[in-house]
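Per TrEMBL, the features are:
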type: BINDING; residues: 12-17, 59-62, 97-106, D132; note: FMN binding site
type: BINDING; residues: R347, R379, S380, F381, S382, G413, L414, C415, S416, W593; note: FAD binding site
type: BINDING; residues: T457, S512, R513, K518, V519, Y520, V521, Q522; note: NADP(+) binding site
type: DOMAIN; residues: 6-150; note: domain 'Flavodoxin-like'
type: DOMAIN; residues: 204-443; note: domain 'FAD-binding FR-type'
Amino acid sequence: MSQPPLLILYGSQTGTAQDTAQRIARQAKRKRLQVQVLPLDNYNMANLISESLVVFVCATTGQGDPPDNMKNFWRFLFRKSLPLGSLSRLDCAVLGLGDSSYPKFNFVAKKLHKRLLQLGASALLPAGLADDQHDLGSDAVIDPWLTSFWEKVLTLYSSLADVTPLREDEPLPPTYTFHFLDDVKEETGDRLRITTDQTVPSQSHPFPARLVSNRRVTHPSHFQDVRHIELDITGSSIQFAAGDVVMMYPRNAPEDVEQFCQLLRLDPEGMFTLRPTDNTAVPARLPQPCSVRHLVESYLDIGAVPRRSFFEMLSTFSDNELEQEKLVEFGSVAGQSELHSYCNRPRRTALEVLADFPHTTAQLKVDYLLDLFPEIQPRSFSIASSLQAHPHRLQILVAVVRYKTKIHKPRRGLCSTWLASLDPAQGEVYVPLWVKKGSLKFPKDRDTPVIMVGPGTGVAPFRSAIQERIAEGKTANVLFFGCRSESRDFYFRSEWEELMMAGHLTLFTAFSRDQEDKVYVQHRVKENAELLWDLIANKSACFYIAGNAKQMPASVSDALKEAFQQEGGMSADEAEQMFEAMERAGQIQSETWS
């Protein structure tokens, strides 16, 4: 049998599945296979019936949902009209990336694997179910799975055994080549100019929203800087409802951009065009021509903790024996524990790694930048306002991420730090953004009460819901809010007090550090079991949880089940069954983040 072209299709939300797909592609190229890598929604599904060898790499997001860049594929694949034997020519393999701390662990990969078999495809091996919670991360599953995958491909296509593979220490050709232009200057404002035509803003056409205000809402003495940010979306045709989220691309800090350019001896003002070396399209987000500054500031994720593939690739450029030895170790299966200690645990950034390996960094060719550094991924925030209360405005609540590790310099969240640095008093500032549907859905019926549990910044989608519901005459709103201290981080306090006075809101608060014994929202849920049971059992109330995914959602859920037992006279099993039935019916919903 002749060598098949290998097609690698991925569904990726944060870039990890894309990185894994590209890693498999590099292995294929070393075996001199023809290979193509695409997001699932960029692939013409009608061609799948004529493919012979496909690897699917899929993440699972939220409550068992497919990533945004495979949603169209997902709908297509589960059409009832698809004939059951339609993929009988296809040999395939499915690799899932998940997190076992979520209930629907690797749900997308499991469901995809099952559906491909239903449609007649042959699975080369069982679906790989990588787990981010493993001590060594996803690679603990991916490495042995890939070894098995290549063994199966070799058995199936025996002609591959006659091919001499490329050596591991040889760099592969770059995906793009840079062509620098003389006497071309970037026009001022080009990097902020985003088309403002009448199309609804999207990931490929974000809307430049003017920053109206950026206000710290925690007390100056409080350890956490939290910002209430308001943006002007006049003329954008953006519509949103309670529960929806706003998406935006952050930028790297100016000092990081300068350091990167110095380390790689690049002129930030240099202008270039990109030319693909194969059939890959030039990234739509990069203008042609583009400045080095724009590339580094807005596209290359130099402040992220680099993945193993970064070290694998970096090692191929090194001509310094000591540095190369270390890089090869970090890129190897055996070196993963060392890599975790060096990079993942202290959250060391790619920029800091380059500074630690100066000889190798000096050898880096500019053509490889887009292979070496992933693209900055968009960040999402729950919208914290309603258009009915604040026309032409969009508000968010942002906790600025800053923490210490063993590295002297504090670690900072890329997007929250960038947003916090924006100051409308210094002149007009624009944030390119678009909106997408969130997972929370609120009841249309005006008499259905809603119970919302949103500690910390988890209150953001509920502020949007409360504003929207009151504008529609829906006043049966119960909010459980928790924070550390009534005087330091009680967000929107005066608003809640006004709404309570007007009879539009029932509020329960838990200030965990204002007394000797810590009090959390789950304790307030337990204390109000009678009210909650009455609202749920007699008035079909909907129950919502939003906030940090650590212990809070599970603790609140347990407190609610206890209320079912205590007030409804149920056994633990019956309470569990009622809770699950409400979840299935959308009467209990949650939106959590880690």
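Heads up, the Cβ atoms here are built off N, Cα and C, so glycines get one too.
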Going by DSSP, how much of the domain 'Flavodoxin-like' (6-150) is helix, how much is strand and how much is coil, in residues?
58 helix, 34 strand, 53 coil
Lowest local Cβ density (other Cβ within 10 Å) among binding-site residues: A59, L414, V519, V521:
V519
So if I measure Cβ to Cβ from K518 (NADP(+) binding site) and keep only same-chain residues at least 6 apart in sequence, which ones fall under 8 Å?
S512
Euclidean distance between Cα atoms of S12 (FMN binding site) and V521 (NADP(+) binding site), Å:
34
Excluding its own, the Cβ atoms lying within 10 Å of the Cβ of D99 (FMN binding site) add up to 19
Can you tell which of R347, R513 has the most other C-beta atoms within 10 Å, given these are the binding-site residues?
R347
If I take the alpha carbons of G15 (FMN binding site) and V519 (NADP(+) binding site), what is the distance between them in whole Å?
38
Rounded to the nearest Å - Cα separation of T457 (NADP(+) binding site) and S382 (FAD binding site):
9
Closest by Cα to F105 (FMN binding site), out of the binding-site residues R347, L414, S416, V519, is R347
What is the Cβ neighbour count of S12 (FMN binding site) at a 10 Å cut-off, with all protein chains included?
23
Tell me, how many other CB atoms lie within 10 A of the CB of S512 (NADP(+) binding site), whichever protein chain they belong to?
16
